[in-house]
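Feature list (source: TrEMBL):
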- ASP71, LEU72, THR73, ARG98, GLN114, ASP118, ARG267, TYR271, TYR272: L-histidine binding site (BINDING)
- 1-357: domain 'Aminoacyl-transfer RNA synthetases class-II family profile' (DOMAIN)
Amino acid sequence: QGTRDHPPAQAALRDRLLSAVVSCFKRHGAAAIDTPVLELREMLIGKYGEGTKLIYELKDQGGELLALRYDLTVPFARYLAMNKITNIKRYHIAKVYRRDNPAMTRGRYREFYQCDFDIAGQFDPMIPDAECLKIVHEILSDLQLGDFLIKVNDRRILNGVFAVCGVPESKFITACSTVDKLDKMPWEEVRSEMVGEKGLSPEAADRIGEYVQLHGGLDLIERLLQDPKLSQNKLAKEGLGDMKLLFEYLTLFGITGKISFDLSLARGLDYYTGVIFEAVLLQQENEHVEEPVSVGSVAGGGRYGGLVGMFDPKGRKVPCVGVSIGIERIFSILERRLEASGEKLRTTETQVLVATPQKHLLAARLKLISELWDAGIKAEMLYRKDPKLLKQLQYCENTGIPLAAIVGEQELADGVVKLRDVATREEVRM
């Protein structure tokens, strides 16, 4: 359950999708890394909030308690700490594992790909963070998935909101994971979870509600900077100051039209310490709807300052900011779109089929195809001694091979090859 095989057409679509993502990561100067699919169990426990219960734990093997990696961020932090790296821009594309209840139709699996881009190092505030948002904007625009919105918030602003609303610090993280459900549940349900399950007072919950239902842009940031309660909170003030700077950089990148400062965004992972963001695809249900409907998150990320220090024996911190592209959900959307269009996707890259029109010419085909392969040309032939020419040309049409190189008795005598364009049926002798 929760895993899938990919036949050639799906694998080809996935390749096309991943190469678009990788070319964006490379355009921004990232180097690739890879880490083992197994991690020590203790490395993963306690890093994912409520997600910790979804970690795939393995039995003791050779004296080590292991688990399958849950994401690519924690292994990255462990890699930085182990190798004493304080400065890197990296991308990593690999499978991760979650012991989840799979919902295959919504793109939720137990084994799935993640595509991560991270910048680690001590830099001036918000410059790398702005670049991460630009990357999300570039990839979603490039893939032409339709309208999207990137929601941005900051963990410090959220913690400041909780503080001024009277939430004890010990309950910040659980309050955070409840606020994170606002995109899936109405405020009334979130409020009752806060009061009923998380033990917050009804007054605190109502005060939180006044803030977390706000969203906007620079104007909202300015308004909150003047807010009598929030402006007195050191953390919130820092977060709002950085958010203002971030919006200035995003304005220079020309992408603020797709960005919303949204106080309900919480991202339920424990390791975020600063800016957090999430991209959602929007769907106009019909022409009369003022507010477009979100069809789910397709990218997310944020700043995490303390994660590397957790793995470093001396507790040395390396500030990081990163983004993860939700490749499985995007893949599901593109797959459905391809099915609906009826377009046939080529599953191979063969440039030419070596064909013969008469019998007893297998040797000529083998010699010619060998020359083509040695010259780096992608070539195929049918595995029959004496195939009919029609059958060979039909194979080209079925698989999308654009050219056929035909060698018959006449061509052999003249020392030429007849090159046929399969689509137009034009032929030239070479």
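Here the Cβ of each residue, glycine as well, is placed from N, Cα and C on the backbone.
Structural mapping of features recorded in TrEMBL.
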residue: ASP71; record: L-histidine binding site; Cβ within 10 Å: 19
residue: THR73; record: L-histidine binding site; Cβ within 10 Å: 26
residue: GLN114; record: L-histidine binding site; Cβ within 10 Å: 19
residue: ARG267; record: L-histidine binding site; Cβ within 10 Å: 22
residue: TYR272; record: L-histidine binding site; Cβ within 10 Å: 26
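Mean pLDDT for the domain 'Aminoacyl-transfer RNA synthetases class-II family profile' (1-357) in this predicted model: 90. The binding residues for L-histidine are recorded as ASP71, LEU72, THR73, ARG98, GLN114, ASP118, ARG267, TYR271, TYR272; their greatest pairwise CA distance is 22 Å.
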